[in-house]
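Feature list (source: TrEMBL):
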type     : residues : note
REGION   : 23-49    : region 'Disordered'
COMPBIAS : 26-39    : compositional bias 'Low complexity'
TRANSMEM : 122-141  : transmembrane segment
TRANSMEM : 161-180  : transmembrane segment
TRANSMEM : 192-213  : transmembrane segment
TRANSMEM : 225-245  : transmembrane segment
TRANSMEM : 266-284  : transmembrane segment
TRANSMEM : 319-338  : transmembrane segment
TRANSMEM : 409-430  : transmembrane segment
TRANSMEM : 436-453  : transmembrane segment
TRANSMEM : 474-495  : transmembrane segment
TRANSMEM : 501-522  : transmembrane segment
C-alpha cells in the first residue's frame, strides 16, 4: 500500500532511503533530502526554524485571509531585554481567548453546585485547578511557539492515520459537548432577558454565532478585543453582585487558603479540576500563539523563541488568574445567596437556569438581569471560541484545501450542528447531559495531554535546545499520571455499578482505556530512528494499523 505522507519534521534516516516512506520524506522535505550522489545531508538541529526573516507561516492552513497584515502581529526580537510592558501588550490576547473556556456556562453551573454542596470550602481547590491549568496551557503555547505548528497538526504528522482519525473524532466529541453547554447557557440567558422559549434561544445562538466570521475579518487584535470585552462584562456583573451581597470575608479567605475537602465531596472536588482542564483548549492555545510572528533568523531564532515563551507564560498566567477571580466571585455570590435562602426556609434549586430566581429573591428583581447579561456575554463568546477550536482541529487533522468562508462554514457545522440537535432534544435533561459531557471531556483530556508533553520531549520535533531534559520528562510524566488518575476517578464515580454486568463492562472499558493510553504514550513517533525497522518487520495487518510501509 502507499505510505501516508511523511512529516517535514522527520530527521534524515540512514540506509532505508530506498523505501517508499523515504521517498515521501524527500518529497515533503525538498532540499533536506539526499544529495544527487546519494550521500546524506546533515539535518539542522531544528528543522522548523528556516524562515529568512520573520516566520509568517500560520499555525492554521494558510490562505489569503490569514496572510493579510491585520491577521498577525510581527514582534521583533528585543535583544535579551527581560521585560517590557509595551512588548507584553503585543503578546496579550491568546491567553484571554483561552480563558473563556474556564468560564463557560458549564463551569458556571459547576460553581453554583459547588456553592450549594461545599460552600466556601473548595475555593482553594479551584485556585489549585487554575494554577495547574496555567502550567498545562503554557506548555500548549510553548509547543506552538517552538514548532510553528499547532497540536492537531503535529498529532496528524507524528501518529498513524487510523490513530490520528480517532484523535480527531474524540476531540470533536469534546468540542461538541462544550458547545452544547454553551448554546444552552446562552439560550437560558436569552430566556431570562426576553422570556422566549429555550429552543428559540438555541436557534438564535446558532445563527448569531456565524457573525463571528465578520469579526475575524477585522483582524486578530479586534477579535481579541471583542473577547476581552465579553469576559470583562461577566466579571463586572458578578463582582458587582459580590459587593452587593456582602459575603463573609473571613469565610472567603479561609476557603481560598486552607485546604480541606468536606465529607462526601470527593467526586465534586475531582470534577472541579476536570471542569477547568479542557482538551480543546490545548489545541486552541497552541494555534492562537501562531498569530505572533517572531524573528526566526539564524542569529535571533533561539532568543526570540525564548522571549516569546516568557511573555506567553506571563500573559497566560494573568489571563487564567483573571478567570479564577471571576469563578471565585460566582461561587461566593451563590454561597451567600444560598445561606440567606436556607436561613429564611425558602426552597431553591441550585442550577444555571434557577440562578436568576435565587438572586432575585436575595438582591431584588434587577439582579437577575445582571446575571443574565453576564451569562449571555460569556455564553456567546465561548460558543465562538468553541467553533474556532473545531476549526483548528479539523484543519490540523485534515488540511482542508477550501476557501476561507467555505472552510469556516464546514468546520463550524461539524462542531455546532450536532450540538444544536442534541441541545434541542435534551434541554430538559441538562443536568444528566452535563454529567455525560464532563465524562467525555475527561476521557479526551487524558488522550490529549500525552502527545502534548511527549512531542516536547523529542529533539527531532522541538530541537535539542528546547527538548525536555530528564527533570522535565519526569515532571511531564508525573503531571500526565496525575491528570489521568483524576479523570479516571471522575469517570468511574459517575458509572453506576449496581449489577454484575456493569462490573464486567467496567473492567472491559478500563482495559481498553489502559491499552489505548499505553499505545499513545509508548508507541514510537514517525521521527524515532530505531523503531521503524521493528514495525516494518511486523505482519502486514500490523503495518497497516500503524501506518508504516514495508521496505522494498
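Heads up, the Cβ atoms here are built off N, Cα and C, so glycines get one too.
Remark: the transmembrane segment (474-495) contacts the transmembrane segment (266-284), by the rule of 3 or more CB pairs under 8 A. Among the stretches 122-141, 161-180, 192-213, 319-338, the one making the largest number of Cβ pairs under 8 Å with the transmembrane segment (436-453) is 161-180. The highest tally of CB pairs under 8 A with the transmembrane segment (122-141), across 161-180, 192-213, 319-338, is held by 319-338.
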